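*Asks:* Below are the features I grabbed from TrEMBL:
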type: ACT_SITE; residues: GLU163; note: active site, proton donor
type: ACT_SITE; residues: GLU358; note: active site, nucleophile
type: BINDING; residues: GLN17, HIS118, ASN162, TYR299, TRP405, GLU412, TRP413; note: substrate binding site
Amino acid sequence: MTQHANFLWGAATSSYQIEGAVNEDGRTPSIWDTFCATPGTVTDGDTGAVACDHYHRMPEDVAIMAELGLDVYRFSLAWPRVQPDGTGAGNPAGIAFYDRLVDELLAKGIRPWVTLYHWDLPQALEDAGGWPSRDVAYRFADYAAIAYEALGDRVSQWTTLNEPWCSAVLGYMTGRHAPGRQDARAATAAVHHLLLGHGLAVRTIRDLAAANGRSDALEVGITLNLAPKLPASDSPADLAAAHWEDGFANRLYLDPLLRGEYPADVADRLGELGCPLPVQDGDLETIAQPVDVVGVNYYSSQMVAAAPTGQNGWPAPATLRRDVPRTAMDWEVTPGALTDLLTRLDREYPGPAWYITENGAAYADTADETGYVDDAERAEYLREHIDATLEARDLGVNVRGYFAWSLLDNFEWSFGYDRRFGIVRVDYDTLERTPKRSARYYAERVAAEKKAAAETGRL
Ligand code: GBH
């Protein structure tokens, strides 16, 4: 695996949140198109049909990245564009868009970082059972092969899944995300099949890279949403509550991926609840394929306390509100916990390079008549979390890069366009882009960090 000379600075987006053009060039519906068309699911009935119209404005967006001085851009491929039926051959017209994007990035000196799956499953595969069905893991590996064969000559950084917790829990348990199912047993099966799909895809990509003499440059991995779960007190009940929450949100993914086994306390409890992980012989070896990189999407920590068990005996610890600043999502601003998280990860799961693949905040922006947003709070949020990341690096953690979420205001899932995470404003009437104060801050910070790194010759 490659060790970059320098820490990488980037910004991230995802396909359904920015592309629009949902019916163009052979793209078929994803589960998000279906979910958005279901009344009562998304704020104001918003959909990703147009989103930021990035599909038609891609060169302008890449030019903005270049102006900001980004090293790297993390984006996802829309599976229903690349392989419309979720099975069978790739779709040349859909793949051509990503060809153009990759070429445009490279022409501007920006490294492309591809995520294969950021939640837009082809609807045809959901109709065949979705992630609760084991077959989808194999379909995912086939799709990974199509994507790698198309772009692997120019892209060496590959992430399989973005945040499998969200796909499984929000998609199949709470129903807040597509496909909107509420079935805990299905959700647990989805966890396992997402991880299995990840492992199969890693193996596929490594084999294809080796066959093409590209193994040295390859960096492949996964991105997890990880949130420290802090006990409200030292009481055994609160400690147990925090341990369960950490288990269900964090260890359930980290342990199989990086230790080759599910955490016994969580797996046993899921079994008792009638929601077993459907593990077959050999699955854990597949899931634990060595990865070069683990991406960490970090937004907040939570403080948890014991509470009576919820429906059907499921643990339901209480999340306590602390007296700290909050974003427009009502998420607590807790940068110090990011340093602690990275330190813990590097100690308990040594091996991979860690990247902050998302970090950012929604705030209630107001644009002036030119479209400019003076978002001092978002700039401050970025500053504190970049400081926290670099503090971990200075403590010796192998953290190699940071991506702001998000480059653009975009479709914020069940909140539609009602929440803005961009460092660049998007006017949803004119689709005009205007960098906010936070984008200026980020560009200056990146330039300063790169200058300091060059001066000290630091790796
Ligand atoms: C990411 O997910 C997604 O990858 C991205 O697409 C999305 O736009 C972005 O975040 C912003 O939402 O209420 O305090 O308990 C975020 C995953 C999981 C982060 C739930 C916040 C709850 C925090 N989220 N978590 S709290």
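The count begins at 1 with the first shown residue.
Placed from the backbone N, Cα and C atoms, the Cβ positions cover glycine too.
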*Asks:* Using C-alpha atoms only, work out the spacing between TYR299 (substrate binding site) and the residue listed as 'active site, nucleophile' and round it to an integer in Å.
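*Replies:* TYR299 (substrate binding site) to the residue listed as 'active site, nucleophile', Cα-Cα distance: 8 Å.
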*Asks:* Cα-Cα separation of GLU358 (active site, nucleophile) and ASN162 (substrate binding site), in Å?
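*Replies:* Here the two Cα atoms lie 10 Å apart.
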*Asks:* Taking Cα atoms as reference points, rank the binding-site residues GLN17, HIS118, TRP405, GLU412, TRP413 by distance from the residue listed as 'active site, proton donor' and give the first.
*Replies:* HIS118
*Asks:* How would DSSP class GLU163 (active site, proton donor) in three states?
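*Replies:* Looking at the DSSP assignment, GLU163 (active site, proton donor) belongs to neither helix nor strand, so coil.
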*Asks:* What's the number of neighbouring CB atoms sitting within 10 A of the CB on TRP405 (substrate binding site)?
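*Replies:* Other Cβ atoms found within 10 Å: 24.
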*Asks:* For TRP413 (substrate binding site), write down the residues of its own chain that are at least 6 apart in sequence and whose Cβ falls under 8 Å from its Cβ; none is a fine answer.
*Replies:* GLN17, VAL42, HIS177
*Asks:* What's the number of neighbouring CB atoms sitting within 10 A of the CB on HIS118 (substrate binding site)?
*Replies:* 24
*Asks:* Write out, in the order they occur in the sequence, the residues of the chain not among GLN17, HIS118, ASN162, TYR299, TRP405, GLU412, TRP413 that have a C-beta within 8 Å of the mean position of the C-beta atoms of the recorded substrate site.
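*Replies:* Everything else in range on the chain: SER14, GLU358, SER406, ASN410, PHE421.
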*Asks:* What is the Cβ neighbour count of GLU163 (active site, proton donor) at a 10 Å cut-off, with all protein chains included?
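*Replies:* Other Cβ atoms found within 10 Å: 24.
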*Asks:* Could you check what DSSP calls GLN17 (substrate binding site) once collapsed to helix, strand or coil?
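*Replies:* Where GLN17 (substrate binding site) sits, the three-state DSSP reduction gives helix.
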*Asks:* Does ASN162 (substrate binding site) have same-chain partners at least 6 apart in sequence with Cβ under 8 Å from its own Cβ, and which are they?
*Replies:* SER14, SER76, THR115, TYR117, HIS118, TRP119, THR223, ASN297, THR357
*Asks:* Taking the Cβ of GLU412 (substrate binding site) as reference, which residues of that chain separated by at least 6 in sequence fall under 8 Å from it?
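*Replies:* Listed in sequence order, they are GLN17, ALA362, ASP418, ARG419, ARG420, PHE421.
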*Asks:* Other than its own, how many Cβ atoms are within 10 Å of the Cβ belonging to GLU358 (active site, nucleophile)?
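*Replies:* The answer is 25.
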*Asks:* So how many other Cβ atoms are close to GLN17 (substrate binding site), meaning within 10 Å of its Cβ?
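*Replies:* GLN17 (substrate binding site): 25 neighbouring Cβ atoms within 10 Å.
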